[in-house]
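Engineer: Taken from TrEMBL, the feature transmembrane segment covers A:6-28, A:40-58, A:64-84, A:96-115, A:135-161, A:192-214, A:220-238, A:245-265, A:271-289.
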Amino acid sequence: MDLSAINPVLLIASLMVAATAVMIAAIGELIVERAGVLNLGVEGMMITGAICGFAAAVQTGSPTIGFVAAALGGAALSLLFAFLTQFALANQVASGLALTLFGLGLSALLGQGYQGIKPPSTPRIDIPVLSDLPWVGRILFGHDLMVYFGLALVAAVWAFLKYTRAGLVLRAVGENHDAAHALGYKVIRIRVMAIAFGGACAGLGGAYISLIRVPQWTEGMTAGIGWIALALVVFASWKPWRVLLGAYLFGGVTVLQLNLQAAGIAIPVEYLSMSPYIITIVVLVIMSADKSRAPASLGRIFHATH
Amino acid sequence: MTEPLLSIRGLTKAYPGVVANDDVSFDIQPGEVHALLGENGAGKSTLVKMIYGLVKPDSGEMLLRGKAFAPSEPKAARASGVAMVFQHFSLFDALSVAENIALGMADPPAMRDLAERIRAVSDQYGLPLDPWRIVGDLSAGERQRVEIIRCLLQDPKLLIMDEPTSVLTPQEVQILFETLRKLKSEGTSILYISHKLEEIRALCDEATILRLGKKVATCTPRDTTAREMAELMVGAELHVPSREQKEPGAVRLALKDLAVKSPSEFGTSLKGITLEVRAGEVLGLAGVAGNGQDELLGALSGEIRSANDMVSLDGKAIGATGPRERRRMGLLTAPEERLGHAAAPDMSLTENAALTGAERKGIVSGGFLNWGRARGFAKEIIDRFDVRTPGTENTARSLSGGNLQKFVIGREVMQAPEVVVVNQPTWGVDASAAAVIRQALLDLATGGAAVIVISQDLDELMEISDRFGALNEGRLSEVRPAQGLTVDEIGMMMGGSHDMEVADV
């Protein structure tokens, strides 16, 4: 065993990469749940985004177009969920589970012929001088744009919810949809927009895996990240910065345990593999022991009676 | 005569199977407090929803200061100077007072400025309120202030109030009335909906009475007795509950220093409650919602267990026994929350009848249900309490609130209880049905049962109780004979005025 082989700078830099997919998907789901909708289809939307982004990037040669296609793909799939739950008033849990199964199947179909192909690589930003600084240069200035996009998204969502009128209305809809309706807010429209945003984010998260993290296409490659994103939202008590923290913790332990495996530490691989899930959930459970609680209308079906 | 602020002409609105409003016309003058009276289902709510833009009329028109007024949504109504305080507060528990108010405004200022304005208006009208508090932590009276201030900030010409006093203590009602009178003196018109006729007599200038969607009368409340107004609402002579006076018998239910922790986070724990109820006696317990009523009912029904000797029935300690055992012994309860606690919303009336009636009505034998008996029991309840429903196989949810209330109270009353505890027995029930329920409770007492009525309706408690107490923050006030208590004394028992002050007019 040789722990000195683990380079802390590389570890931090790679945990940021490992955390980005789950973070983007989770921040999208956070908006959906703050609007009072429980969409369990994150995994399905992620894998659909992963293949949409992958295919578009391979066809056009542009990773940017790939990410745009991934967001559109995820959003399109989420609109199916929006139709079922907001217009047909179907049960949200069942619809969300169905969406995941549907997304897994759809992505396998779309992905025919894309196995074993390398996607066009996404450049890292490279700022002269800054990126070459020791330690901080690699950690702060040496990533692909999506890492920064994810961080900016968390900040933007936080500011949106806290400081803007639209964010206040969104929280109000999630808190008490009947009262929001009585005040004249368009509950269904707001929720559909939130669901589409969540779908787009999930799609981006999926494409981050297929275009940057791995990068290749295999069936079912999101491997439960969507479920982790869902759990993060709950244990983060629906707070954006805690989603960031949870995602980085998850990414960090994931990377660390891989390094430990490589270093040949004397712990069975199975325990190391499960550690990211266990540690993330334990930490967030402890943190969520404060007074915060779920949006009061979460998962409830809204039907305007007048 | 001046031009009316709002004229309503021939408004009609029909829903499938029922005409909610049929050709209703009346005028509201500037600076007038206009009462809208009627039983449940008379169409008051539909009417005000049309004025507030939540519902579109099928025909008829409204004129606001002589101009056609047809708000397509609440935003439009608010822009025209119409504001509404809802019966069930339309507030967001997890948000702060200022955020709640901002949501009700078309174009709110920045939060800090808004908070300043909230403070200014709340001081001006004697309704103190901290803009940064989370609404979920406020009392019912304070929540109502949030709604009122939300309306006042928009400088309304017409303020609609739907049952505003149902959750307030008498002192809070007085302060609300002072605020409303101040508004009236400033030229604001108020459309005031209430069941409480004495309040309407004290406050309102004109009254329009609706029955089954039609306007049946107008009157000047000051010159009309409450009884006359009630009879106009019901369209028949009103039956006042009565019974023969009897000496109370032996103690049936006794609580000794009952203290239990509330199972819910925002609940109120009970602290040292001691009381006795005798056979043939009705004990009325008043109190503003959230002062331990639900917990007391839970501790009596057996949903919340206590130390065994804290609760005793006919001298036998039952504090640690469960609900089924208590029911078998004859202690029956009817909780306040109809959908989800007193009744299972998506189960049929037959199933709901079986749920609490199983033990005492012989519906269960050897673990098997006798559906025939259950159906018969449900049918009996429906017949005796005039529950309006197509049949016993309809779900509890499909009944209107008042009808379901008749069913859940009737279900307990008809099991011939030894002791019966009811929470808010006539909440949302119209006058004639309320009279039936109260009479049934009195008849039980006459028959030798002990009855505890927990209610926020003081008129109801004064009408039927022999002795009277009040819950305040989980403690029970001194229990006194109901005869001769004054409103002030009752208010003091309920815990005073909750830091309200009278508006400096």
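Residue positions begin at 1 at the first shown residue.
Keep in mind that glycine also has a Cβ here, set from the backbone N, Cα and C atoms.
What's the neighbourhood like for these features in this structure?
Structural biologist: With a cut-off of 8 Å between Cβ atoms, the residues of this chain six or more beyond the transmembrane segment (A:64-84) that come close are 39, 41, 44-46, 48-58, 90, 95-96, 99, 102-103, 106, 119-120, 146, 191-192, 195-204, 206-207, 211.
Same-chain residues lying 6+ beyond the ends of the transmembrane segment (A:135-161) with a Cβ under 8 Å from its Cβ atoms: 9-10, 12-13, 16-17, 20, 23-24, 27, 30-31, 34, 67, 122-127, 167, 170-171, 201, 204, 208, 212, 240-241, 243-244.
If one looks beyond the transmembrane segment (A:192-214) by at least 6 residues along the same chain, the residues whose Cβ comes under 8 Å of a Cβ in the stretch are 17-18, 20-25, 27-29, 31-32, 34-35, 37, 39, 42, 45-54, 57, 63, 66-67, 69-79, 81-82, 85-86, 119, 122, 144, 146, 153, 170, 221-222, 225-226, 229.
Same-chain residues lying 6+ beyond the ends of the transmembrane segment (A:245-265) with a Cβ under 8 Å from its Cβ atoms: 1-3, 5-6, 11-12, 14-20, 22-23, 26, 228, 232, 235-236, 272-273, 275-277, 279-280, 283-284.
Among residues of the same chain six or more beyond the transmembrane segment (A:271-289), those with a C-beta under 8 A of the stretch's C-beta atoms are 228, 231-232, 234-237, 242, 246, 249-251, 253-254, 257, 260-261, 265.
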Engineer: For the transmembrane segment (A:40-58), I need the partner stretch with the highest count of C-beta pairs below 8 angstroms, choosing only from A:6-28, A:96-115, A:220-238.
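Structural biologist: If we count Cβ pairs closer than 8 Å to the transmembrane segment (A:40-58), A:96-115 scores highest.
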Engineer: What residues elsewhere in the chain lie close to the transmembrane segment (A:220-238), defined as a C-beta under 8 angstroms and at least 6 residues from its ends?
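Structural biologist: The answer is 21-22, 25-26, 29-30, 33-34, 40-47, 50, 100, 104, 108, 202, 205-206, 209-210, 214, 245-247, 250, 277, 280-281, 284-285, 287-288, 290, 292-295.
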